[in-house]
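Here TrEMBL flags 1-89, 563-601, 613-634, 714-861 as region 'Disordered'. According to TrEMBL, the compositional bias 'Low complexity' annotation covers 32-58, 736-747, 839-850. Taken from TrEMBL, the feature domain 'Kinesin motor' covers 92-556. The ATP binding site feature in TrEMBL is assigned to Gly189, Val190, Thr191, Asn192, Ser193, Gly194, Lys195, Thr196. Taken from TrEMBL, the feature compositional bias 'Acidic residues' covers 613-632.
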Amino acid sequence: MATRSKMSAPATRASSRTKTPTISPPSPPPAMKASKAKSSTRSTAAGTSGTKTTAARKQLAQKENTPEIKPTAPKKAVRPPVVDASSAEQEPIMAYLRIRPHLSDDEATSMPYLDPLSDTAVRMTDPSSDGRGAFGLHYRASMTPPSSIYRFSHVFLPATQQADFFAKTTLPLVRGLLDGQNGLLFAYGVTNSGKTYTIQGANTPGSGGILPRTLDVIFNSIDGLHSDGRYRPIRLIGVEEADPSDPTPPSIDIDVPSEPVLAEVLAEHMDTSDDSDVDADSTVIKLDRNYEYSIWLSYVEVYNEKAYDLLASVNDEQDKEGSVLPRSASNPAGHSAHPVLVTRKALTVKPSPASDAVDDTGAGSGGRYISGLKHFRVTSAAQAKTLVKLGQLHRRVFGTLANSQSSRSHSMITIKILKNHRGDRDDPSSVQISRLTLVDLAGSERTKHTQTTGDRLKEAGNINKSLMVLGQCMEVMRSNQKRLAQSLANPGRSDTRDVKKASVMVPFRHSKLTEILMDYFAGDGRIVMIVNVNPYDTGFDENSHVMKFSALAREVSTAVNNAPLPRVQASPTKRSAPTKPAPAGPPRGVTRKVTISSFGPGKKLSEAHLEVLEEDEEVEDGDQSEGSDDEPINPLVDALFDEIEGLRLRLYEAEMRCAIVEAETREEVMKEMEGRMRAVERTYAQRLMSEVERNERKMDAKIDMLHQAGLLGTAEKYPVASPSESETEDSRGNLSQGSHGDSSDSSSEFRMVADLPSSPLQGRGKRKTATSSRPITTHIPRLEADGSIPSAVDDNTDDAIFREVGGDEDEDIAIPSTSSGDSDDYVPLVPAPGKTKNQKAPPQAAPAKSAQRRSTKSVVSKLEQDMNGLVISGGVVPEAEDSIIILPNRRIRQETVELGGPGVEYVPGKGEVDTVKKKKRQLGKKTVVTEEQVEEVVGAMEQRALRGGSRQNIRRMARVS
Ligand SMILES: Nc1ncnc2c1ncn2[C@@H]1O[C@H](COP(=O)(O)OP(=O)(O)OP(=O)(O)O)[C@@H](O)[C@H]1O
């Protein structure tokens with residue numbers, strides 16, 4: 001009867017959270033170690049209830065092979081004696097990670113922070129590795145994004161099927177259950193991570209969860225081995241003779257004639273038409289056929305730190321039949337006013353009496369049970385599943401599952417198996433009881449996500465409290481076990497008994513959840529933890545908290561022994577005294593309003609309104625005495641827990657406020673920056689445009705001068721177009737383009753008659769061209785190869801130019817001043833009206849349209865001829881085609897850049913090229929001159945004018961340029 005210690009230093013086996021990007025080889029998952037202990041001393045190793053010594057009664061599961069051990073004489077002991085921890089079979093909590101698959105298009109498609117490394121390890125990397133930490137704090141550039149590696153007993157990838165998952169995680173527990181061992185499985189994770197899917201599953205084929213599969217396997221395995229149900233479980237580990245009046249599983253018939261809407265809604269929730277046996281798990285565990293079994297089910301909900309029986313009839317007192325349906329408390333006849341009032345009572349959690357076990361020394365008394373919780377015997381998997389469905393309906397009715405699938409309470413389904421040898425049916429001492437509890441925990445850390453307030457905040461606070469206490473229990477157990485392991489490793493240094501005495505009390509009783517489950521942690525079974533994670537969620541912090549929790553859980557060991565043997569009690573009908581009537585007076589409790597609705601494709605939405613009264617649990621006098629051998633609740637610790645919880649809630653609220661303020665500030669700053677950027681962009685564009693215009697006007701002036709000087713093309717005489725004619729053509733857009741807005745004003749005395757040869761800047765700037773009232777002679781001198789004007793152009797030419805353009809030197813040439821007074825604006829020379837030679841008289845009346853068109857056409861054709869005749873010589877392009885390309889000079893670019901200020905680049909316009917060479921290459925035979933060349937020509941003209949021209953000419957030149 002050897003017992004081995006499996007306890008080792010946590011560091012060697014436990015999940016380690018490594019703050020390093022390197023991947024250390026994954027450690028194999030610790031193998032499940034079946035208990036070899038037959039009946040033995042056992043240790044809780046938890047440090048709270050001390051270590052228990054189980055009485056030795058023949059263990060039925062190993063009856064054939066186990067030497068019978070005579071029961072020891074019952075010892076009267078308030079606290080169980082401490083025994084060496086090495087005598088207990090220890091096993092770490094198994095932690096399995098399940099990664100939820102991608103479900104909808106609304107979610108991100110990649111896993112932003114979770115990276116599966118192997119079958120047992122995942123890496124989590126903070127997605128704010130772009131440099132942003134919490135609250136916008138920046139990591140230094142040199143820092144690598146923080147990542148952690150978490151290890152599990154196994155990592156299940158999103159594609160994992162429910163059947164595989166069940167086989168690897170839960171089947172060993174089911175085997176243990178049938179073999180007489182207790183087990184606890186709980187699903188832990190944030191909201192929407194797949195906990196309920198893991199436990200309950202879905203309705204589609206193959207998607208049945210752990211619970212229905214467990215029921216399937218149990219009933220498959222005990223097929224033909226059902227007992228007659230003469231015993232039934234009571235409390236935590238107790239067994240008593242069954243009473244014929246024991247409640248049968250409640251009916252699920254929906255019958256609320258007075259509340260048709262409610263009946264409809266409930267009926268839809270209870271719809272079992274989807275259920276089919278097609279999805280049933282066919283696994284069979286081979287059992288010794290000398291035994292027979294009875295299966296019992298209970299379903300508990302822990303909500304707001306209170307425990308409720310989900311299988312109890314809602315109005316149990318009034319309706320002994322066990323009707324599922326709520327009935328108005330105000331009118332039991334069923335004709336109630338809306339909303340329907342439903343009541344339920346919280347159950348008290350009490351310490352398990354030592355007398356329930358064969359050994360009075362404390363076996364099984366470390367735990368607590370829910371007083372008044374009903375266990376129903378089920379004889380088939382289908383019946384059990386229907387019962388589970390009923391429990392879920394009650395969760396809906398009472399609003400903790402309301403309309404969304406999101407659970408706001410912890411739910412616990414316990415399957416108890418009573419097993420006895422066929423040959424010893426009448427021997428109560430042959431009965432053995434074992435249990436398996438499946439817990440679907442409420443989503444963790446939901447306050448931040450849902451921006452909860454009011455009642456919801458209280459709910460969240462309680463959820464967080466219970467999960468926090470669960471974490472703290474594990475933490476304390478781990479450190480107690482660590483200390484004990486160290487003391488065992490160095491026996492000479494400290495006395496193990498001293499170490500145990502110094503063990504910190506595990507605060508199981510500080511939350512209902514841990515209080516109900518404490519016996520598992522204290523050494524009554526094997527524990528499996530499922531960690532559900534939704535990697536598409538943005539809740540990195542929350543998920544990393546879950547991961548840390550699981551890392552902690554894996555460092556805790558629990559004792560794995562066969563369940564304690566129950567002492568079978570006489571049937572309550574034979575022994576129990578009549579129950580005390582409930583104290584009179586109004587029930588204490590809280591009332592909530594709940595709306596349950598049902599809708600689906602093709603169905604109309606139906607809603608039922610309920611008012612829920614949740615009565616507080618009764619405090620019985622006997623409670624204190626019953627729990628006298630338990631650790632008393634320390635009010636200071638309780639107060640500290642409350643304080644912690646209060647602070648935690650305040651922290652959440654503060655964080656929420658911070659997050660909102662941060663988001664608002666970011667938006668404001670972004671808007672302001674955007675506005676500023678736009679203003680800068682606008683200013684820059686305006687400056688650029690005005691520069692371009694200014695330069696273009698300058699260039700136009702120079703070209704006009706060239707025209708007027710006869711340096712471009714041959715001398716031709718333009719017919720004078722009437723203002724209306726030029727406007728007509730202008731409006732067609734064929735000739736004039738890009739004129740100033742004010743130049744189109746008919747009152748202006750300047751009219752555009754022709755466009756000049758195309759320029760890279762043409763069309764971007766606006767140009768004023770004077771309507772010449774007299775012919776202009778154009779002449780393009782041949783430029784030398786270096787761009788200079790050849791000597792053949794003599795001074796007389798200039799004189800000729802001025803004579804031609806301005807007529808007589810003494811003749812008045814009107815030089816209009818610009819409206820803006822900007823000296824840069826070019827204003828062409830215009831002869832004073834009425835004083836020019838050859839000037840046609842202005843039309844007296846508006847000409848006929850056809851005449852105008854003819855006249856315009858003649859102007860156009862004339863201009864075209866002129867354009868074709870324009871030739872730039874000087875070796876730039878030997879044979880010009882029909883136009884001259886003038887490239888902007890470097891100086892203009894330079895000026896533009898300078899104007900723009902530091903950091904501004906000159907961005908060539910569309911089609912504008914950087915270099916003359918490039919342009920030449922692109923334009924082939926087109927005539928190309930640079931602005932420098934034009935300037936040189938103008939410069940040469942100015943010099944000549946200065947040398948040989950009259951004062952008048954000089955003045956004119958100066959004003960023009
Ligand atoms: N492995 C999976 N395969 C397919 N669908 C899944 C899986 N896990 C979860 N889902 C789906 O994801 C959704 C959320 O899952 P579930 O309701 O189980 O989350 P939860 O963790 O229980 O949430 P809560 O804490 O709010 O109750 C459900 O629609 C469920 O069907």
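Here the Cβ of each residue, glycine as well, is placed from N, Cα and C on the backbone.
TrEMBL feature annotations superimposed on the structure.
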residue: Gly189; record: ATP binding site; Cβ within 10 Å: 26
residue: Val190; record: ATP binding site; Cβ within 10 Å: 22
residue: Thr191; record: ATP binding site; Cβ within 10 Å: 22
residue: Asn192; record: ATP binding site; Cβ within 10 Å: 22
residue: Ser193; record: ATP binding site; Cβ within 10 Å: 26
residue: Gly194; record: ATP binding site; Cβ within 10 Å: 21
residue: Lys195; record: ATP binding site; Cβ within 10 Å: 28
residue: Thr196; record: ATP binding site; Cβ within 10 Å: 21
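Selection of the binding-site residues Val190, Thr191, Ser193, Gly194, Thr196 by a Cβ distance under 6 Å from ligand 1 yields, in sequence order, Thr191, Ser193, Gly194, Thr196. Mean model confidence for the domain 'Kinesin motor' (92-556) is a pLDDT of 78.
Take the mean position of the Cβ atoms of Gly189, Val190, Thr191, Asn192, Ser193, Gly194, Lys195, Thr196, the recorded ATP site; other residues of that chain with a Cβ within 8 Å of it are Arg100, Ala187, Gly443, Asn532, Asn534.
In three-state terms derived from DSSP, Lys195 (ATP binding site) belongs to a helical segment.
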